[in-house]
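Visitor: This is the structure I want to talk about, given as structure tokens.
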Amino acid sequence: MKLLEQIEKWAIETPDQTAFVWRDAKITYKQLKEDSDALAHWISSEYPDDRSPIMVYGHMQPEMIINFLGCVKAGHAYIPVDLSIPADRVQRIAENSGAKLLLSGTEVTVTDLPVRIVSEDNLKDIFFTHKGKTPNPEHAVKGDENFYIIYTSGSTGNPKGVQITYNCLVSFTKWAVEDFNLQTGQVFLNQAPFSFDLSVMDIYPSLVTGGTLWAIDKDMIARPKDLFASLEQSDIQVWTSTPSFAEMCLMEASFSESMLPNMKTFLFCGEVLPNEVARKLIERFPKATIMNTYGPTEATVAVTGIHVTEEVLNQYKSLPVGYCKSDCRLLIMKEDGTIAPDGEKGEIVIVGPSVSVGYLGSPELTEKAFTMIDGERAYKTGDAGYVENGLLFYNGRLDFQIKLHGYRMELEEIEHHLRACSYVEGAVIVPIKKGEKYDYLLAVVVPGEHSFEKEFKLTSAIKKELNERLPNYMIPRKFMYQSSIPMTPNGKVDRKKLLSEVTA
């Protein structure tokens, strides 16, 4: 059964089942089908000979999901554009993508875009006037046609449009549902903005299994009282987020099985899952399964996964990121271009149907990052890692490795050991430059419970523990204490903001 057919069957079997909830707004599977059909019919009638991608603008409104499906039913890839994205970047996305149309479930604050804008009111008119009309199923996105395009940061300052095809998404969704043992009708957390591909991990596995997406927005996350009130009402069974977001939630004592009694599965992606975070989750949610996954946007969300058990936690201080999905494979490439043997570090290269067809309108960038290996698409991730007995271990970004006073080191390794210290709830390492070279390491720490009256005594205690785990040259010179670690709208640590704060 095709992906869209899998979603639409719930409009027949359970039409009144809620597909998506955001604050007081919700849509059923029946409404999702009717409105996305109406929109697809309108798009096809307005743009009969055009297949350019369509920008979908908003935050967590139910119209976002309707618009996504309406686009692909009409044969167009969609480009999710979150409200938090700066106007200049939205402008560059519009220009790079060649989009002619922007659908919005909210007010569009960006001006002078080179696209036709369909407002929230326009959309309601379309849903009403085209109700009951169905698009030609032959027009729907299929095969190696783009299903969605997500723009990620580019080293040149220009965003890169990662093209994910229908086949890429089908491969990911099938694997996620089967390997993570997702069941029919579950409630999925939707924490990541739609412009971040982690959101795909909950959207499509939920929709194909007749589940309910429970969306929480950035304003809720900024107000913990609202956040936990929403979570308490949700009855979430499948939790999808970055580890940083879960770590933030764990600072609330009531975040446990009593708040979410039916929690079945935690799915983590987008960042390293610290051992101590997984350990706390097992303590708070003893009946739930914790899955650690890995994958860049260019390989459709995730390509590896592992069930994190007590045994795994005790065996590995730095958690492995899992075994590769069966239709893909991993290669570890050495600097000379040869394949590294088991246990030897190198660059992680992903091969198989999960791999994107490249960056939209950027052939030079595509050629640099993508290649063909044995007739299959391959992506050079820029991530360091190694494989041992089929199990992938992630060792950070190759560009997260810094050289300090002649020593090469991984910032994430230092963060791992720092978080394991007593009196530390959360921590990020910020390398501070002097001129063109790194001068010292600053540790930004969210302290746990302690009885030290002075910060320097707390610092001494933490440093004493670090000295037992790390060589002296990896010990941060300075410590700064904060009540929380800033996060990006995507739920990752906002390293740029931290750097600007500490160097101001």
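The backbone N, Cα and C atoms fix where each Cβ goes, glycine too.
Here's the feature list from Swiss-Prot:
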- T152, S153, N292, T293, Y294, G295, P296, T297, D383, Y394, N395, G396, R397, K492: ATP binding site (BINDING)
- D197, V301, K492: D-alanine binding site (BINDING)
Visitor: When you put V301 (D-alanine binding site) at the centre and draw a 10 Å sphere around its Cα, which of the binding-site residues N292, Y294, D383, N395, R397 have their Cα inside it?
Guide: Y294
Visitor: Once near-sequence residues are set aside, which residues in the chain of D197 (D-alanine binding site), 6 or more away, have Cβ atoms under 8 Å from its Cβ?
Guide: I150, V162, I164, T297, T300, V301
Visitor: So which one is it: of the binding-site residues T152, N292, N395, which has the fewest other Cβ atoms within 10 Å?
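Guide: Ranked by other Cβ atoms within 10 Å, the binding-site residues T152, N292, N395 bottom out at T152.
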Visitor: What's the CA-CA gap between K492 (D-alanine binding site) and Y294 (ATP binding site) in angstrom, rounded?
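Guide: Counting only the Cα atoms, the answer is 14 Å.
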Visitor: Please state how far apart, in Å and to a whole number, the two most distant Cα atoms are among T152, S153, N292, T293, Y294, G295, P296, T297, D383, Y394, N395, G396, R397, K492, the recorded ATP-binding residues.
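Guide: Site span for ATP, by Cα atoms: 24 Å.
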Visitor: Judged by the number of other CB atoms within 10 angstroms, which among R397, K492 is the least packed of the binding-site residues?
Guide: R397
Visitor: Any same-chain residues 6+ apart from P296 (ATP binding site) with CB under 8 Å of its CB? Would you list them in sequence order, or say none?
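Guide: Within the chain, P296 (ATP binding site) has Cβ neighbours under 8 Å at I350, Y379, T381, D383.
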Visitor: Under DSSP, is K492 (D-alanine binding site) part of a helix or a strand, or is it coil?
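Guide: Its secondary structure by DSSP: coil.
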Visitor: Name the secondary structure element type, per DSSP in three states, that contains R397 (ATP binding site).
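Guide: SS state of R397 (ATP binding site) = strand.
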Visitor: Of Y294, V301, D383, the binding-site residues given in the record, which has the fewest other CB atoms within 10 A of its CB?
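Guide: Each of the binding-site residues Y294, V301, D383 was scored by Cβ atoms within 10 Å; lowest is D383.
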Visitor: In which DSSP state, out of helix, strand and coil, do we find P296 (ATP binding site)?
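Guide: For P296 (ATP binding site) - judged by DSSP and reduced to three states - the answer is coil.
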